[in-house]
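Features reported for this protein in TrEMBL:
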type	residues	note
COMPBIAS	573-590	compositional bias 'Pro residues'
DOMAIN	17-467	domain 'Major facilitator superfamily (MFS) profile'
REGION	549-595	region 'Disordered'
TRANSMEM	12-30	transmembrane segment
TRANSMEM	65-87	transmembrane segment
TRANSMEM	99-119	transmembrane segment
TRANSMEM	125-146	transmembrane segment
TRANSMEM	158-176	transmembrane segment
TRANSMEM	188-208	transmembrane segment
TRANSMEM	274-297	transmembrane segment
TRANSMEM	309-330	transmembrane segment
TRANSMEM	342-362	transmembrane segment
TRANSMEM	374-401	transmembrane segment
TRANSMEM	413-436	transmembrane segment
TRANSMEM	442-460	transmembrane segment
Amino acid sequence: MAFSTRIQGLTFFLCIAIGAAVLGMLQFGYNTGVINAPQQNIENFMKDVYKSRYAEDLTEETVKLLYSVAVAIFAIGGMFGGFSGGLIANRFGRKGGLLLNNVMGVGGACLMGFAKLAHSYELLFLGRFLIGVNCGLNTSLVPMYITEIAPLNLRGGLGTLNQLAVTVGLLLSQVLGIEQILGTDDGWPLLLGLAVFPAILQLVLLPMCPESPRYLLMTKHWEEEARKALQRLRASSQVEEDIEEMRAEERAHSAEAFISMTELICSPTLRHPLIIGITMQLSQQLSGINAVFYYSTELFMSSGLTAETAKFATIGIGVIMLFMTVVSIPMMDRTGRRTLHLYGLGGMFIFSIFITISFLIKEFFGYVQEMIDWMSYLSVVSTLGFVVFFAVGPGSIPWMITAELFSQGPRPAAMSIAVLVNWLTNFLVGIGFPTMKTHLENYTFLPFSVFLGVFWIFTYRQVPETKNKTFEEISAIFRHGGDRRGMRNSSLYGLAGASESLPESPMGPRRVSTASDCAAEVPATYGTTTTTVTESDEADCVGAMGAMGVSELTPSTPPPSPSQSPSASPMTSAPPSPAPSGEPMSPPYIPGGCAWRPPSSCAGDRCVSPPRFAV
């Protein structure tokens with residue numbers, strides 16, 4: 001069993017590191033849901049504090065406003081934390097950033113826990129803000145850390161643990177928040193203060209874990225420390241393959257050691273994956289899932305369930321989501337991120353329509369008791385189905401795929417922007433849903449249905465599959481065009497896997513064959529490297545050259561050099577000897593071929609030599 005586990009790459013220290021890291025996502029899930037159950041108790045506390053200070057009662061509108069502040073300020077803190085994640089990750093490292101972040105976690109939890117004792121709802125607000133900053137940093141740093149330390153064959157499954165931890169935190173807050181446990185006037189401070197334990201446990205475990213080897217090698221240039229970290233994570237001294245893969249990525253992106261958010265947004269090469277990363281985050285938050293999390297009890301009651309039944313149905317949502325997240329872990333590296341995301345969005349679209357239908361049935365047939373009972377079951381089943389498909393795809397994939405789409409340099413800045421968008425949308429949905437429900441009534445979920453349809457189309461047309469691809473292979477997709485044709489070509493020909501960066505050939509443009517010779521193996525000499533294209537279809541052959549970096553494609557018509565034997569095969573012609581300094585070189589001639597010059601990848605004044613590809 002141990003031998004099998006080691007072959008699969010799941011080692012003891014990797015498990016410890018992953019477990020310590022995902023405590024941050026458990027913290028996020030717990031604090032997202034913990035304030036919902038004791039709403040009435042917290043409002044009573046606010047009324048008591050105000051009356052003791054000013055000797056007058058709070059109006060119901062003011063109480064609701066104060067409670068809304070306690071809820072919303074968590075998301076505002078999350079925006080601050082998420083936006084600063086890239087800076088923290090580059091300055092202190094992934095592990096170092098998580099350690100420092102727990103100062104916020106412990107401080108925020110203590111302030112919330114002692115708010116009632118101090119008779120101050122301002123402490124509750126401050127504690128919620130600090131724990132929000134902590135959770136915002138966690139949502140940026142944890143997926144980045146896990147993505148960078150996970151072996152290629154386990155990256156998808158281990159990335160799903162982010163959402164699993166969020167789900168466990170949500171379920172824990174729902175169970176502990178019921179009236180029989182801590183959902184009381186005396187118990188709610190302890191309920192909120194329990195957030196201190198994930199922070200303390202992470203402070204204990206993280207020092208035993210290695211820093212991200214990619215950060216050590218590619219950001220700090222500490223190769224020996226990176227090698228030691230890899231040896232601990234892989235439980236093996238044979239880590240040269242991982243080191244070489246990181247070196248190759250470092251050479252291919254040597255100009256991207258430090259990418260600011262402004263440079264990231266302005267870079268034509270990086271803008272496309274950034275748009276995908278942001279849209280994936282939007283597909284999670286605008287799916288309507290937060291409306292279900294925040295208002296599921298109210299939704300169930302409006303569909304005809306009793307208050308007690310509605311609360312247990314809400315807990316059932318958490319249980320189902322936990323189960324489906326566990327089920328999706330092995331599927332992530334087997335089925336693929338893109339495919340699961342499409343399944344998830346499609347299923348959520350269908351069940352969001354059913355949720356709307358259940359509301360309409362109550363409106364038009366509410367006078368028939370049998371219809372009310374049937375509609376209540378439809379509402380619960382539709383909501384559970386909605387959550388099941390969320391757990392399959394949109395729950396976990398946006399967190400991991402955003403980190404996968406970028407190489408080491410731009411990854412922190414990209415995660416900061418994507419996480420900021422996630423938290424901002426979370427805030428807007430949480431604040432706006434009650435108003436939307438008031439105005440749209442039974443059609444409240446229709447806007448989410450529209451969003452789900454749009455995101456499904458976007459995912460189908462624009463999002464690449466990252467399963468079993470190295471970071472360099474994924475980055476190469478966007479360097480050579482990120483549309484579906486470019487993705488297909490890079491996957492079909494294996495040309496997205498750069499092994500290293502080479503300077504531009506002194507021979508100038510090189511030539512490869514197209515229609516007439518594509519059926520055969522056509523070597524294209526570039527420095528000392530030979531690349532082979534094997535495909536009989538002309539369009540695909542040209543597409544393959546595009547994946548290799550074709551920037552200019554023109555018919556090759558110049559006559560052979562006089563020094564070249566007429567009988568010499570173009571397939572075996574040696575490249576010409578270097579010309580004297582200052583004289584242009586003539587590229588080797590291949591009848592019916594095309595001349596092209598490999599481009600550099602440029603972002604502003606930063607240019608990277610084109611990578612060497614091998615089939």
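Using the three backbone atoms N, Cα and C, a Cβ is placed for every residue, glycine included.
TrEMBL annotations: computationally assigned, not manually curated.
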Is it true that the transmembrane segment (413-436) and the transmembrane segment (188-208) have 3 or more Cβ pairs under 8 Å, skipping pairs fewer than 6 apart in sequence?
no
So are the transmembrane segment (99-119) and the transmembrane segment (274-297) touching or not, going by 3+ C-beta pairs under 8 A with a sequence gap of 6 or more?
no
Below 8 Å between Cβ atoms, which of the listed ranges 12-30, 125-146, 158-176, 188-208, 309-330 makes the most pairs with the transmembrane segment (274-297)?
309-330
Chain residues outside the transmembrane segment (442-460) and at least six past its termini with a C-beta under 8 angstroms from it:
279-280, 282-283, 286-288, 291, 338, 341-342, 345-346, 348-349, 352-353, 355-356, 359-360, 362-363, 433, 436
Go through 125-146, 158-176, 309-330, 374-401 and flag the stretch with the largest number of C-beta pairs under 8 Å relative to the transmembrane segment (342-362).
374-401
Can you say which of 125-146, 158-176, 374-401 has the most Cβ pairs under 8 Å with the transmembrane segment (12-30)?
158-176
So which of 125-146, 188-208, 374-401 has the most C-beta pairs under 8 Å when paired with the transmembrane segment (309-330)?
374-401
Which residues of the same chain, at least 6 past either end of the transmembrane segment (374-401), have a Cβ under 8 Å from a Cβ in it?
139, 143, 146-147, 155-156, 159-160, 162-164, 166-167, 276-277, 280-281, 283-284, 287-289, 292, 296, 299-300, 303-305, 313, 316-317, 320-321, 324-325, 327-328, 331-332, 337, 340-348, 350-352, 354-355, 357-359, 361-362, 365, 418, 422, 463, 466
